[in-house]
Structure formats: structure tokens, C-alpha cells
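One structure is given here, and the rest of the page talks about it.
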């Protein structure tokens, strides 16, 4: 992988920057705080986004202060493809938070991903590492130079395993472990399902469903035969009944047709008689019309002679007479108009006179009424005074009858008496109500007592039934407990046998929980021994090669290069040392193989122990279920016993309560009789007191009414006297009015006399005009009558011709009706012949017999059908049971296969888990070996002092530095510069190991190596070695190495140098190429 271009806006101290990366070594220098590390952080963030931020930083810290938007575009080349990541961020000044607004990944110019999380995942996939692995391998940040050294072994193991993709194997092993647990759970569930299915199969088979089904099918077959026979009989009866129905219907239709024909003949005869009558009527009408025609002709001749019309045409005659009548009518209208004016004037005068007369008459009538009213008022006053006297005498008599002497004190005495009687009546009413209330309460209490007795009887029955039911359930539960205890003992015996087998394998019961740990430990030991075995075999092969070469040299006698004798030389000593080392390694290898064989035996025993432990676990589960079931049954027994005791106590209390209620009921009956007597006496006394009170109140009311009536009559007398006075004043006014009306009446009469004379003259003129108009109107009427007679004569002639045609039509109709009567009489005769020999009653009797037989057969069919339905229902239930049995057997077979399958899956998962453990251990051993070789090689290359011999990296990733004298040291005890060298060497060794993983000693797939201030703790000599280390990394294929440093030697040796500066006024950084 190579970085190509970085474009940033508003990131840290950079306002805007477009930076191009070159191949080779690039050194970025500048003063402290100028923005060198910010440039590297921008590259890091361009790759992994906001995931690079630690918990002490937020995204807003990466954005230039005061800016609202920011952008990072990072272009890079990886495995032959060009990639570009565009990221944009938005800052909110209100919330003071920043968020990602855009994240797009392009490959060869094509948009492939447009989302932050997916882009992050794609970059992880491309580089085979996340941001943490990137920091631990390629990007050595400032201040994190000794992170790997100071990390705990577990953390260091995790970091390096993640880089080498070994963490995946551990993840797969954990998944396999989870799968084993799930399979074990499924296996247990399958076993429980097997038990349930077997129990259900046994329950169905115990009912012998096949035998019962055959018997029911035979019965159903017999029932079908009976039904078939009954249906045939029913069909025969229905067919016979249908035939009779048809014959009866045909008989009835013929009778009905005969009646219809007779009725038609009767109607035809009536129509014929009607035709004769109509013909006679038409003939008479023709004769009458001819007579009328003759009379009209004679009348017309007489009219012409009388009126002098002569032989004029009727139209000319009518026109002449209409003109004369119109002239006479106009004269009459003119005279009538003048007469109407005079009449109107006369009417007005007469009306005025009438009104005066009416007014005068009204005044006289009013005068008379006033005089009459005065007399009547005087008579009323006398009557009122007579009524007052009678009422006073009646009141006096009532008071004397009641024993009151004076009228003045009688009202007070009556009031006192009424009050006394009211108090007495109230007391008696209270006594009556009290007695009624007590009686009602007693009756209600008696009713409640009876209801309680009924409820107690029901409760007694329910309690007894509950006691019996509880006893039955206790017996069933105790039986179940005994069976449960027996099953527990059987399972415990089986468990004891399994424990004995487990003990024979050398495992105690308390060690079962640690079997998984033992298994993992043994597998790790096996893997470790396997790794040592392979390492010793490789070393032995190398020693054997060396020994063989030395022997060949010894056989030659001289060194082939310098020609020196080999006896006694250093090569001879080395050969002896190799022989000794070979014997040692062979012995160690044999010991390891023995240990390996023992481990295999232990693993085999452990597998057997695991199987036994699984059986023990299953037994424990079954025992636990049975114990829980027994506990539940025990609780139910205790519950039932407690309920039985409660019900027994309840029975006793109910019996006691029943006796109390019966005693209370008898006492209540006695009390009710006494209260009924008391209530009757109180009611009688109250009625008598109430009667006396009513009489006294009636007397008081009557006296009060008489007094009020007297007062009313005195008021009326006063009113009448006032009316008499008013009537006197009215009489004077009316007399004055009558005098004025008499004067007006005389003037009106004189005016009317003059109008009467003028009216007589106008009426005379009108009579003469009317007479002339009447004569002309009479002549016009005679002319119109002559015209009407002529028209009538034409109509009569036309009518006579129509009547003669109708007479001819009626004669033809009579002939047609005679033919119809003959045809229908013949049809009646034919139908009568067909009906002979068939009697309706006989047919109906036969039909009733067949209908009764059909109903009886239908009832038999219904009973047989119900019987068949019941059989079919039972057959269906049995077939369902057999179907369920087949399904259960299939399910049983499937469950058995599933159990075998799950056992195989569990075994495979266990084997797979062991394989993952073994592979991980093997790969870790190989990686540790390779990493150790690379680490020591680079440490020897980098470290200029000779104080340390080598570095050891054990299987647990513990790092140990050895001095020349063999003394081990912890890396954290080294000096700062030594730790820096050690960290650089370790990072470069990991980088080289990863390069080997990408295919040979090439780093094409790895990101550029970035070193941020690597020379902080290094002296001049080690800085020169750092330059050599950088050259070595270039030689193994690292295409880009980016270093941030102030050191001149690094700057001088770099391929590309850039200077970073910051403007102190704007606080913005910029970069220039040197």
C-alpha cells in the first residue's frame, strides 16, 4: 500500500492543504507545535475515520477553531488499485459537537461505498487490520514508542495475535464452545421429547385401535345395508305417492275444467240474452230517434212561420239577429249605468239613515238595559241579604250541635280540639307504624333465616364433596410419590454405577466441573509438546547435516579452503559438541514422545470421563425433575390435607350454625304471631282516632266556609250598590244622545224623498230599453234554436245509421255465442266420460297410506343415519388415533435420528474445538519462532553495544533480554534509549513477519511505515543504526517510510524533505518542500 495524496480543510491547525506523497523515505521536520503530528493524524483519520479518537478526545477537537465544516480526502494505491476516501465533517456552535456528514470510498474512480461504518469495515478488510493493529504495526505515534514493551503479556498476546489473524481462531473456538452448549441443550430437549412420544405411543397402542376400528367398520357396513334397503322402500313409496298425486291432480283439474266450462256456458248464455236485449233496445231507440227527427222538422217549419224568417239561410239569419240584439243591449247598458248611479246614491242615503236608526235603537236599548240592571241589582242585594241570614243561622246550629255557646270563642275551642285530636291520631299512627315495622322486620328476618338455612344445606353438601374429593386426590398423589421415589432410587443406582466407572478412570465426583479446563490444559500441553517435538526434530536434522558434513571433512583430512589439518582444530571440537548435543536432543525428543503418548492416553480418558459426566448430568436432571415433581406432589398433599381440615372445621361450624338458625326461626314464628295481634289492635285504634279527627276538621272547615261565604256576599252587595250608582249616571248621558239622533234622522229622510223621484224616471227608461232588447234577444234565440234543431237532425240521422249497424253486429254475435255453447257442452260430455270409474276419495285414501309409510321409513332412516354418524365419528376418532400413532412413530424415528445426529454433531464440535486449539497453538508456536528469529536478527543489527546476547520470546509472549553472561532482564528495566531501540526492533520484526504472511519477504500489501519522533531517546550511534534499519526496511519492499524528526542525519539521508511552519498570528500551519 502507498499513500498518494492528502487534501484537508480546517483540520487541526491546517486551514487548507494539498499534499502529495512520494515513494521512498520522506522526512517532515519543523519546530515543536508546528503541526507535523497533525499531518500524520489527518492521514490516520482519513483511513479509519473518527475510530482513531481516544476517550480523551472528541471529533470537534480535530476541527479548526471557528470553522463549521471540515474535509479530509486521502488517496492511496493498494494491490494494483487506486482508492480515494472522501470524508466531511460538520461542527455545530450551539451544541459544540461535530458529526460526520460524508464518507465515500472510490475504487479506480468508481463509487463503491457511501457510508462511514461500511467504509471503515472495507478499509479494515483491505488492510487486514483495524486502527489499533495499525498503531501497533505501521504507525509508531509520538509517546507510544514503548507500548508493546510495557503491555501485559495477555494484552501483548492479543495485539500480536490480532495482527497475525490468530484472534479469529480463538473467536472460532469460542463459537464452537457455544455451539457445543447449544447442541447439548438440544440433545437434552430431544431426549425429553423422546420420552413423551414413547409414552403417547404406548397410551394409543394400549387401546387396540386397529381391532376396534375393524369392528366399527363392520357395524357401519351393516348399517349401510339397512339404510340402502330402507331408501329403496322409501323411493317406492314416494314413487307410488307421486303417481297418486298426479292422478288426483288430473282428476281435480278435469273437475275444475268442467266447472270452468259450465261457468263459461252460463256466461255465454247471459251474453246471448244480453245481446237480444241490446238488439231490442237499439231497435226501440231507432224508432224513437226517427220520431224525434220528424218532430224537429215540424218545429223548424213553425219557427220560420212565426218569426217571419222565410226561406233565408240559417247563417245570414243569425248574423242579422245578432246585430239587432247587440244594438239593443248597448242602449240597455247606458240606461242601466245612469240608474246604478242613482241607486248607489240612494243606497248611501238609506245606509246613513239606517245607521242613525240603529244608533238610536241601540241607545234606547241601552237605556232600557240600564233601567233593567238597576232593578236586577236591587233584587240581587235582597237575595244576598237573605243568604247571609241563612248562613248565620246554619253556623249557629252547627256550633250548638258541637256544644259551643258563644260564636266568638268557638273558633279557638275548635282549634284546641283539632290539635288535641291530631296529637292523639299521631300517637296512634306511630304505634301502628311501630307495630307494622316490627312485624315486617320479623318477617324479613324469618325469610333471611330460611334462605340462610337453604344456603347452609348447599354449603354442607359442597364441603362434604370437597372432603371426599380431597381424600381421593391425596391417595392418588401418595401413590404417585411412591412411584416417584422408586424411580429416583433406580436413577441413583444407575448414577452410582456411572460414578464407579468414572472412579475407575481416575476422576472423583468433585473434579467433574473442571473437565473442560483439564481438557483445554491437556490440549495446550499437547500442542506445546507437538511444537517442541517439531522444533527438536528440525534441530536434530540440522545437527545431523552438520555432523555429516564434518565427517566428510574429517574423511578428507584437510580443510578444502585453506588446506589446514582438521585434527585438533576448532571444527573437531564443534563436531564432538554436536554429537553430544544430538544425543541430548534425541533423549529429550524421546521424553517428549513419551509425554505425548501419556497425554494422548489422558485425553482419551478425559473424553470417556466427559461422556460419563454427560450421563451423570442427565441423571441429575432427571433426579432433579423427579424431586421437583415429588416436592410439588408433597405440597399438593399438604394443601389437600389443609383443605380437608378446613372443610371438616367448616362442616362442624355449619352444623352448629344450622341448629342456631333453626332455634332462631322457631322463636321468630312466636314473635311474629304476637306482633300481628299488636299490629291489628293499633290499626283499629288509629282508624277510630282518625275518624274523630276528620269529623272535627269537617265541622271547622264548614264553619270557615260559611264565614267566607258571608264575607263574599257582603262584598257582592257593595259591588251591586256601586253599579246602581254608575247606571244612574249612564241614563242621563243616553237621553242627551237620543235628542241629537232624532234631528239627524229628519234631515236624511227629506234627502231620500228627492232621490226616489229621480230613480222612478230612470227605471221607466230602463224598462223600455230592456223590453226592446228582450224582443231582439228572443228573435236571436229562435234563430239559434232553429240552427240547433238542424244540427240535432243531422246527429240523429248519423246515430240511426250507427244503431242499425250495431243491430247487425249483435245478430252475428248471437250466432257465434250459439256455436261456443255447443262446443263447450260437447267438451263437458267428453270430460264426464273420462271421470267415470275414478273416485277422488279412494285415490286420496291410497295416497295417505303411502305417505304414512314413507314417514315411518324416513324416521327409521333418520335413526339408522344417526347410528351411522355415531359409528363414523368413532371410526374418525380411531383413524385419527392411528394417524397420530403413525405420526408419532415417524416423529420417534426422527427424534432417534436427531439424537444420533446431535451426538455426532457434539462429537464433531468437540473435535473441531480441539482442532482450533491445536492449530492456534501450532501457528502461535511457529509465529513465535519466526518472530523470535526476526527480532534477534534485527536486534543484533540495530544494537551497537555488546552487553546483550539475545532476546527470548516465550509461548506466552513474555519478552526477556539476556546479557552476555546469561542473566535475564525484564525489558522495562532497560534504559529509555534501550527501550526505544527494543520497541523499534519489535515493531519492525512484526512488520517483517506480516510481510512474510503476505507472500514472501515483501510488504506490498502493508501500509507505509510511519515513525513519529523515533530519535527522542537515541544517541548518535543508534541514530546511524536507525538509518541502516530504514534502509533494511526499504530493501524488504516497504515502498514508503514517513518520518517526523528534527535530526539532521535523517534529513540528509531522506529522499524527500518537507518543512512545516505555523503562523503565530493566524495559528495556521503550512508545509513547504526543501
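Cβ atoms here come from the backbone N, Cα and C positions, even for glycine.
Feature coiled coil, per Swiss-Prot, maps to range 452-506 of the set 452-506, 507-561, 947-1001. Segment annotation: Swiss-Prot labels coiled coil over residues 649-678 (candidates 619-648, 649-678, 679-708). Segment annotation: Swiss-Prot labels coiled coil over residues 355-402 (candidates 355-402, 403-450, 1027-1074). Taking the binding-site residues 37, 142 in turn and counting surrounding C-beta atoms within 10 angstroms, the largest count is reached at 37. The Cβ of residue 33 (ATP binding site) has 1062 as same-chain neighbours under 8 Å, each 6 or more residues away in sequence. In the structure shown, across all protein chains, 35 is the one of the binding-site residues 35, 976 with the greatest number of other Cβ atoms within 10 Å. Taking Cβ-Cβ distances under 8 Å and a sequence gap of 6 or more within the same chain, the neighbours of residue 974 (ATP binding site) are 961, 982. Tertiary neighbourhood of the coiled coil (865-895): same-chain residues 190, 193-194, 197-198, 200-201, 204-205, 207, 209-210, 212-213, 216-217, 219-220, 223-224, 227, selected by CB-CB distance under 8 Å and a gap of 6+ residues from either end. In the predicted model, the coiled coil (355-402) shows an average pLDDT of 74.
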